[in-house]
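> Below you will find the structure I want to go over with you.
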Amino acid sequence: MIIRSPEPEVKILVDRDPIKTSFEEWAKPGHFSRTIAKGPDTTTWIWNLHADAHDFDSHTSDLEEISRKVFSAHFGQLSIIFLWLSGMYFHGARFSNYEAWLSDPTHIGPSAQVVWPIVGQEILNGDVGGGFRGIQITSGFFQLWRASGITSELQLYCTAIGALVFSALMLFAGWFHYHKAAPKLAWFQDVESMLNHHLAGLLGLGSLSWAGHQVHVSLPINQFLNAGVDPKEIPLPHEFILNRDLLAQLYPSFAEGATPFFTLNWSKYSEFLTFRGGLDPVTGGLWLTDIAHHHLAIAILFLIAGHMYRTNWGIGHGIKDILEAHKGPFTGQGHKGLYEILTTSWHAQLSLNLAMLGSLTIVVAHHMYSMPPYPYLATDYATQLSLFTHHMWIGGFLIVGAAAHAAIFMVRDYDPTNRYNDLLDRVLRHRDAIISHLNWVCIFLGFHSFGLYIHNDTMSALGRPQDMFSDTAIQLQPVFAQWIQNTHALAPGVTAPGETASTSLTWGGGELVAVGGKVALLPIPLGTADFLVHHIHAFTIHVTVLILLKGVLFARSSRLIPDKANLGFRFPCDGPGRGGTCQVSAWDHVFLGLFWMYNAISVVIFHFSWKMQSDVWGSISDQGVVTHITGGNFAQSSITINGWLRDFLWAQASQVIQSYGSSLSAYGLFFLGAHFVWAFSLMFLFSGRGYWQELIESIVWAHNKLKVAPATQPRALSIVQGRAVGVTHYLLGGIATTWAFFLARIIAVG
């Protein structure tokens, strides 16, 4: 007789038809809440409807039902993303000059929007070169499409239709996995299987398929494009895939097929999987062969990572075991209990993911210019500036979101009874030490960083340049940063065989890459001016962290309000008779953190914009002389507050202020309008609820007098609502103002 080990039983992890599909609930606003479903008595109703519609915690306390709603909403989100992508590709196919740009990317600007001639708006269609008139776009899609090997507008059409199909599919999936086959809670909590699928599937096979596409489609097509072949003459993608001889003409080792792979003679593939470093002098982008190699390597790493965790076959790591074994000499119970937190609190999970994704997004911002991944991206200054600014803002918002959801976790999901002496408990017990030290650091950084500028302004005003902190007087060189730059500049040849240049030209080493007479990238010098502004960065980041961390650590209780957890995530004050307890909720800390995040990111993007125009971007003559856009004025001008105001904000705002009557005039209007939106926010931030309630009551009196009073009673915004509206307009106004200022400037001079 044969003895078999018992087969692991496959558990059924979905419920069939849990919730019937009905459109009737759509007709009942607020169907998720008993109070809101009754309909409006006062105008507060519409605000509560918006505040709670997506707050699934407030609809039910059943974790399984909440999980299903979140899961289903994710498919809705993906559907919108595919729809948006489809729109981008459709614009490229239908309204753009992509094919013209492809034939001459150095002299023709990218445009994918042509304004219709209504009331004279066609003035916005500027001349982007090659006889095409339209709005210059700065999203980087053209460069991305070229890198992917897209050579015609027909291919863009096909991709747009494909994305539309996927959008519909995602919409269907969201409905199906909520109404027809909804996963059970156990499925959402099976972290090892999730890691298996996300690491090996999404990241591993995703990177592998992209690497395959790059090798078989992107590389040969870009090889032809770089050689100046007409895009219409280049074979179509499927021809490269089906006909190996075509590829073998470009990369002879293709003729040998997979033999070198299985005989471990991998160096045969070094024609198209390279490790060169630096930039391709033809396109000013990273070597596409380096990028293909990178994605292949990433794929291998993640395919291995995806097979490290214990699923149906009892081998591999268990996340719970790893976390509980993670103890240090000073950390008590260590991560014991963290597994339970992360599998039962989606806020805790989301908080970690937002913190990491936000940091990663900021890392992306810094790599997009220092290692420009796509052909002709580095010389498209408007796109470079836009991509940096965009990723910085997004990263800032995600990090504030991380603090918001950490605080919601503390208020709603944290259970102090079964948390004793683990790391989180230990952090909470010495939160006073953490916050007071952080506060001291903020005071130190604020006074010293700002003090250096004030010193320089004073000396400059008194006509004593020799007593200023500058590269030509009292030097404060960023020696550590310069040391890191130098180390990287010396690295090629020592770190990897065959590497000819360092990871980024910005490190140093003297070489410069220019494309079509424009600088793509060159070594970026750091001096006293950078030292000063970097300490402003340190200051603003630390203050943001102070506010957000205080909100999280004191979300449940504080000396002022020991029972804060009972008041919830957002509340205006601790009730009547408790003066001085307003604006202390966890929500209020997020509110305040947003302003400091805005400060921090603004300084970063201003620094970047000016530094690049002053020391990197510009034109190069036949003799090799580089002329920068602002002629290297950053080092001497940005060392005083006055310099920032005069030589950056004011001097560079001339393009947006003088844009009326030109194709950039829309930016002038946005600049004006966004200032108004920003100023509008102050009305909400600087006045109290009672003021508005009094005003409303006299307006209601007038309506009653004329017998036109509505059935729904008007009410002033609550304190929290008013602050929410205020911060929203503050950020929207500020960001849109910056956007108009940056783009009008860089499109005009770049």
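Just so you know, glycine gets a Cβ as well, placed from its N, Cα and C.
So Swiss-Prot lists the following for this protein:
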| type | residues | note |
| --- | --- | --- |
| BINDING | C573, C582 | [4Fe-4S] cluster binding site |
| BINDING | H675 | chlorophyll a' binding site |
| BINDING | M683, Y691 | chlorophyll a binding site |
| TRANSMEM | 70-93 | transmembrane segment |
| TRANSMEM | 156-179 | transmembrane segment |
| TRANSMEM | 195-219 | transmembrane segment |
| TRANSMEM | 291-309 | transmembrane segment |
| TRANSMEM | 346-369 | transmembrane segment |
| TRANSMEM | 385-411 | transmembrane segment |
| TRANSMEM | 433-455 | transmembrane segment |
| TRANSMEM | 531-549 | transmembrane segment |
| TRANSMEM | 589-610 | transmembrane segment |
| TRANSMEM | 664-686 | transmembrane segment |
| TRANSMEM | 724-744 | transmembrane segment |
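Can you tell me where each of these features sits in the structure?
Annotation note: C582 ([4Fe-4S] cluster binding site) sits in a coil segment as assigned by DSSP.
In this view, H675 (chlorophyll a' binding site) is surrounded by 15 other Cβ atoms within 10 Å of its Cβ, with every protein chain counted.
Classification of Y691 (chlorophyll a binding site) by DSSP places it within a helix. All protein chains included, Y691 (chlorophyll a binding site) registers 10 other Cβ atoms within 10 Å of its own Cβ.
Remote same-chain partners of the transmembrane segment (156-179), defined as residues 6 or more beyond its termini with a Cβ less than 8 Å from a stretch Cβ, comprise 17-21, 68-69, 71-76, 78-80, 82-83, 85-87, 89-90, 92-94, 98, 145, 150.
Here the transmembrane segment (195-219) has Cβ contacts under 8 Å with residues 147-149, 237, 240-241, 247, 250-251, 272-273, 288-289, 291-292, 295-296, 298-299, 301-303, 305-309, 311, 319 of the same chain, all six or more residues outside its ends.
Long-range neighbours of the transmembrane segment (346-369) within the same chain, counting only residues 6 or more positions beyond its ends whose Cβ lies under 8 Å from a Cβ of the stretch, are 66-67, 70, 377-378, 384, 387-388, 390-392, 394-399, 401-403, 405-406, 408-409, 412-413, 521, 608, 612.
Below 8 angstroms of C-beta separation, residues 369, 385, 388-389, 392-393, 395-397, 399-400, 403-404, 407, 530, 533, 536-537, 540-541, 543-544, 547-548, 550-552, 630, 634, 638, 644, 648, 652, 723-724, 727, 730-731, 734, 738, 742, 746 of the same chain, each at least six residues beyond the ends of the transmembrane segment (589-610), sit close to that stretch.
Tertiary neighbourhood of the transmembrane segment (664-686): same-chain residues 123-124, 126, 655-658, 717, 722-723, 725-730, 732-737, 739-741, 743-744, 747-748, selected by CB-CB distance under 8 Å and a gap of 6+ residues from either end.
With a threshold of 8 Å between CB atoms, the same-chain residues lying at least 6 positions outside the transmembrane segment (724-744) that come near it are 138, 382, 385-386, 389, 393, 591, 594-595, 598, 602, 605, 609, 652-653, 655-656, 659, 664, 667-668, 670-671, 673-685, 717.
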> Can you work out whether the transmembrane segment (531-549) touches the transmembrane segment (70-93), with the criterion being 3+ CB pairs under 8 Å where the paired residues are 6 or more apart along the chain?
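No; fewer than 3 Cβ pairs under 8 Å.
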> If you count other C-beta atoms within 10 angstroms, which of the binding-site residues C573, C582 is the most crowded?
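The largest 10 Å Cβ neighbour count belongs to C573.
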> Spatially speaking, which of the binding-site residues H675, M683, Y691 is closest to C573 ([4Fe-4S] cluster binding site)? Use C-alpha to C-alpha, please.
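For C573 ([4Fe-4S] cluster binding site), the spatially nearest of the binding-site residues is Y691.
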> Which of these binding-site residues is closest to C582 ([4Fe-4S] cluster binding site) if you go by CA atoms: H675, M683, Y691?
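Among H675, M683, Y691, Y691.
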> Expressed to the nearest Å, what is the distance separating H675 (chlorophyll a' binding site) and M683 (chlorophyll a binding site) at their Cα atoms?
13
> In sequence order, which residues at least six apart in the same chain have a CB under 8 Å from the CB of M683 (chlorophyll a binding site)?
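Long-range Cβ contacts: G726.
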